[in-house]
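Take a look at the structure below.
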Amino acid sequence: MIGGLSVWVVMTLSSSFVTKSYFWLLVLLRALVGTGEASYSTIAPTIIGDLFSGAKRTVMISAFYIFIPVGSGLGYIIGSSVASATGDWRWALRLNPILGSLGLLLLAVLCPNPPRGASDAHGGSTIEHTSYLEDVKYLLKNKSFVWSSLGVTAMAFLTGALAFWTPTFLSRARVTQGIQPPCNTEPCDTSDSYIFGVVTVVTGILGVSLGSTISRRLRDRVPNADPLICAVGMLSSAPCFFFAIVLASTSIPATYVFIGIGETLLSLNWAVLADILLYVVVPTRRATAEALQIMVCHLLGDAGSPYLLGAISDALRTYQPDSHTWSFRSLEYSFLLCPFVGVLGGLFFLMTALYVTKDRKNAELLTAGVCDPVDPPTQFSAIAGSTDC
């Protein structure tokens with residue numbers, strides 16, 4: 001984690017000094033930023049899983065994941081403010097590593113390294129470490145992991161597209177309504193980035209807190225409550241984003257209201273999703289599970305969704321390339337893909353709900369040493385009742 005965060009800090013700072021003629025170098029450095037971030041975010045949740053269990057783990061995971069939307073929102077707020085104050089977006093990338101260096105110091109001084117599965121096995125894991133190939137085979141047979149990973153991918157597609165295009169979309173909506181003139185040269189008005197950042201921070205805190213609270217209260221009564229919460233969050237956010245998109249041409253405030261409601265519903269899932277992975281996967285395979293899930297959700301989700309929406313918008317824009325109104329409409333029509341992906345993600349989480357109880361029990365049996373972690377038997381009767389392992 002220290003290595004990953006160090007790469008993130010150095011690459012972020014370095015990318016701020018790239019000149020216009022070396023755009024390829026900027027792309028490379030930003031890619032390395034993602035590499036450093038992935039190295040950190042793959043391992044960090046598993047350490048929380050090793051330190052805590054049960055309801056306390058849910059609380060701690062919530063505290064960790066609440067900073068995803070908070071950090072994203074602050075990025076818009078601070079980035080737009082710094083860009084406006086200095087007239088150069090590069091200064092936002094020079095300020096960011098200061099916060100990263102503080103995190104690096106705290107990580108080096110305060111973060112423990114507990115044994116894998118310490119909280120589940122009361123002091124140490126009873127499972128032997130297996131090969132990477134065996135871990136992948138195990139995860140692909142874990143239906144809760146597969147379906148929830150597909151749900152996370154749909155969620156990443158949605159959040160990536162929103163994060164990349166919403167400020168531009170709202171800026172074009174203001175031009176269409178005649179509120180502001182079109183901006184052809186930098187620096188442009190960054191007020192929509194600032195407002196969107198504030199909305200993201202507030203809805204992130206509210207959504208993550210609400211999702212983890214509902215999860216803790218329902219889990220004992222409804223065994224598959226967690227994936228159902230995720231499904232409800234995704235399915236309910238879809239119509240909110242649809243209304244936000246279609247209302248942008250007539251009312252910016254109404255658009256922000258529906259974006260806020262949609263982001264709150266979407267944020268219900270962050271901590272709950274992490275908790276699902278931690279309790280359906282045995283401790284020694286959690287880091288691999290996190291890595292695979294992060295790779296898939298970024299590769300098929302937020303890595304491509306901004307480009308896809310932009311490509312659709314560009315294709316539509318060719319019909320009236322000089323029209324500012326059609327520039328807005330082309331992005332609006334491409335944005336309509338997002339609610340449909342949200343519905344698809346909700347269906348993936350409903351599929352997760354069908355298997356999560358069984359897979360959680362299997363993980364508990366494996367952790368307790370009842371099953372062979374490499375080639376578990378099909379059923380147990382004497383020790384584990386009739387539960388599949």
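Indices start at 1 and increase along the chain as displayed.
The backbone N, Cα and C atoms fix where each Cβ goes, and this holds for glycine too.
Those TrEMBL annotations? Automatic predictions, nothing curated.
These numbers come from a predicted model, not from an experiment.
If you look up TrEMBL, you'll see 1-357 marked as domain 'Major facilitator superfamily (MFS) profile'.
The list of residues near the transmembrane segment (22-47) in space but at least 6 beyond its ends in sequence, with Cβ under 8 angstroms from a Cβ of it, reads 1, 3-9, 11-12, 14-15, 61, 64, 111-114, 116, 274, 277-278, 283, 286-287, 290-291, 294-295, 298. Feature annotation from TrEMBL assigns transmembrane segment to 22-47 (among others).
According to TrEMBL, the transmembrane segment annotation covers 59-79 (among others). Listed by sequence, the residues of this chain that lie at least six past the ends of the transmembrane segment (59-79) yet keep a Cβ under 8 A from its Cβ atoms are 44-45, 48-49, 51-52, 89, 92, 95-96, 163, 167, 193-194, 196-205, 207-209, 211-212, 216, 263, 267, 270-271, 274-275, 278.
Proximity of distant same-chain residues to the transmembrane segment (145-165), defined by a Cβ-Cβ separation under 8 Å and at least 6 residues beyond the stretch ends, is recorded for 72, 139, 227, 230-231, 234, 237, 241, 259, 263, 266, 269, 273, 276-277, 280-281, 289, 292-293, 296-298, 300-306, 308-310, 331, 335, 337-338, 341-342, 344-346, 348-349, 351-352, 355-356, 359. What TrEMBL records for 145-165 (among others) is transmembrane segment.
Away from its own ends, the transmembrane segment (194-215) comes close to residues 58-59, 61-62, 65-66, 68-70, 72-81, 166-167, 170, 225-226, 229, 233, 256, 259-260, 263-272, 275 of its chain (Cβ-Cβ under 8 Å, at least six residues beyond either end). What TrEMBL lists as transmembrane segment is 194-215 (among others).
Marked as transmembrane segment by TrEMBL: 227-248 (among others).
Here TrEMBL flags 254-282 (among others) as transmembrane segment. Long-range contacts of the transmembrane segment (254-282) within its own chain (CB-CB distance under 8 A, at least 6 residues past either end) are made by residues 45-46, 49, 57-58, 61-62, 64-66, 68-69, 117, 127, 138-139, 142, 144-145, 148, 151-152, 155, 158-159, 162, 166, 170, 173, 195-196, 199-200, 202-204, 206-208, 210-212, 214-215, 226-227, 229-230, 232-234, 236-238, 240-241, 243-245, 247-248, 289-290, 293, 352, 356, 359-360, 363-364, 366-367, 373.
According to TrEMBL, the feature transmembrane segment maps to 294-313 (among others).
As annotated by TrEMBL, transmembrane segment applies to 333-356 (among others).
Beyond the transmembrane segment (294-313), the same-chain residues lying 6 or more positions past its ends with a Cβ under 8 Å from any Cβ of the stretch are 34, 38, 41-42, 149, 152-161, 163-165, 330-331, 333-335, 337-338, 341.
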